[in-house]
């Protein structure tokens, strides 16, 4: 039962002259029992954030608190956390059971159970019953991953931290383990922080997620909100496919605005009064061939056949366009969009 | 005894047990709190201990040598160094330059004169006419006028020749080991480490047994009606260089094989696909990756052979004196100031070379096994292939290695039980007789064996913790780690002789402390410390790569599970580097048993002589007893290496 709170966490490396900023004022609240994901491109600070929560990094400024209790000065071994790394970091000189039982040398098993019972229980939880005597290198990658998870969960930690635990696995295994991970997490109802660079994975698995870029949090919210209402241009471009237009308001009416993008003019929904320029985005599905408003003719660059639909990368007026069509287009394709499908990113 | 008495007795015993339990539990609490304090500070305590040992036993002695060379009656002076630098005996023609560094004109004039005196001639010779083959061969004659090398010049000269010989002998081995598959290849590959731990004095005696007047080679040649040849007497330099190659060619081979096997075959295949011929791909892709390894091996060989001592002492004597041998001779004559001066100059040179080596090594990327190493073909798949020129050349090379590597060791064993032609146990009988009837001032075999083993165990006990602590500190210290590493690796660059006189002048003679105290370390303790200081870098060298190769997430996982930093070290890191610790321990043990240079100085006049020292002392007019003692040394070294490996092997997974 733990709520995690980060306030103004900054992390800088190096000297004053040659300083690298890894985190610049991160504020986050992870609710009790929540599956919370940090997602962003490599170098965005998501792993540093996780390591700061674990206590392997000391923030230059700011505080980390578990249930309101400041943790900043507490060493990792006293934080009551479980962590799973991308490399799993199983102890190769110990058997699977010894790996899972290692944390129970320092923390008593929950509910007064014996160590052996707890280890067996955890192995069962991750579908590895009877594998306890194996050596880690006798297991497949997916099995090793589950041992690492069992090991992290054995002492019943307050907080589960997962650092790209699935990215060393192949796509199919990754998806099945993702489901299993989510199932175990919701069964145990344990507060979980998950780090990944894969936005699709982040959307699929999380209760809420934080999109990070260059050491700052761009947006926090549930997956639907992140997907449909990106708060910044970065989020729009990083999460899912989006076409972003930059335009200049040419005319405002009571129920909408007319915006000039290049030499075309689009109908948009109403904008705040006094808006001069606007950036807005459109999901691939909203740009359709049969829409009768806001039509543009896109020069097709590449097509990717994805089964249900075809993802088309094209270009119009120097703007990169992403479309989701039902069939392969010819060299050019004319599409349009309805004003109500537009999501406005920023105005000035 | 009545039942009641028995009951009372039992009660008394029980309460006594109770008292003891209470005492034990009090003790346990005390130990517990001490333990938790130690857990928190263990590394710091061990680190300080290691630093203290290094400061007193390594830096102090070396410092004393420098002080003795640079000070006279407490006044800094350059005269000792200047005397040596400008003495042609030491520095040959360079001495003139050192004496008058600014008389460039006259130096240039003598250089021109020297170059002018070089004569090059071209003629037709018939080198095989003795065999009745009148084959003319164009013969390029090159005559250079004599050049006075001096002691340092000669030392460098023989080191250079030894390096060339080692590379020439080592590269074919690397080629065969890296490119062919045959039975025993892996064993042979691991055996390349063996010469490194063989005692120098024993190898020297082995070469005596092989190439001496009554040696194995002459016996073999005599069987076909040739000889006997006085190999050692007529060309001691050649034998010394061969003995150096015995040591260093396997080193060159080892490093080169590692580089060769790390060449990604896909890189070669890419070059071939781009149009390079097999030969061209080898030249453009493989050779550039091998060159640094060969150079590394050559540089190390040069450093080692520059500081050579027991081999030259035993095989060449003073007529082939290298700097080390000369320093030893000065010490025997109690001329400490000159010995110290020479030692300082030698150390500066070897430190420079070692620094160059370390810089060079760190600039190289580590040799890791490539994802897809080059394929190996069978060495002798069928008779037809076996008779191809390339395979025949390999067979010829194999014969040479038999003579150079197996010959001396086999001769040592054979020579210890033969005399002239027949089987004899006389040599061992001599040792036994000496043991039973020898005077106390004489060198007895049993104490030598006992001392060697005792010192080796004591060395192990000091060197292994020291080496591990240095590894752990280097791994933890980050950028500071390089500094720690370099400081801790100084023993590799300081020769045993230099270290020996440092210990002698510093710790054995004693250092006056304020308040009338004297700090003095003598006899066995000094020897053990010298061995430990010489041996621990090998522990570090074996442990460090494993330690730094560990996934940091491993330790972090342990800590997230509740282990303190110390527990993580104990539970995770140390078990995973156990194989390195065991290998380092085996090295430390073998190095202690074989150490000669500083032991011979520290043991002189005392009873702390070891087996190598005994071998040297027996090496008189009759080589028999020395060969027998050398054989015992070989057996003990081999046995202890196996034992340490077996005992340690249990801790490996």
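We number each residue from 1, going along the chain as drawn.
Glycine too: its Cβ is placed from the backbone N, Cα and C atoms.
The structure displayed is predicted, hence computed values, not measured ones.
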Of the residue ranges B:392-414, B:415-437, the one that TrEMBL records as transmembrane segment: B:392-414
Touch test for the transmembrane segment (B:453-475) and the transmembrane segment (B:336-358), at least 3 Cβ pairs under 8 Å: no
Stretch contact, the transmembrane segment (B:487-511) with the transmembrane segment (B:517-539), Cβ-Cβ under 8 Å, 3+ pairs: yes
Among B:190-211, B:223-247, B:336-358, B:517-539, stretch most in contact with the transmembrane segment (B:623-644) (C-beta, under 8 angstroms): B:190-211
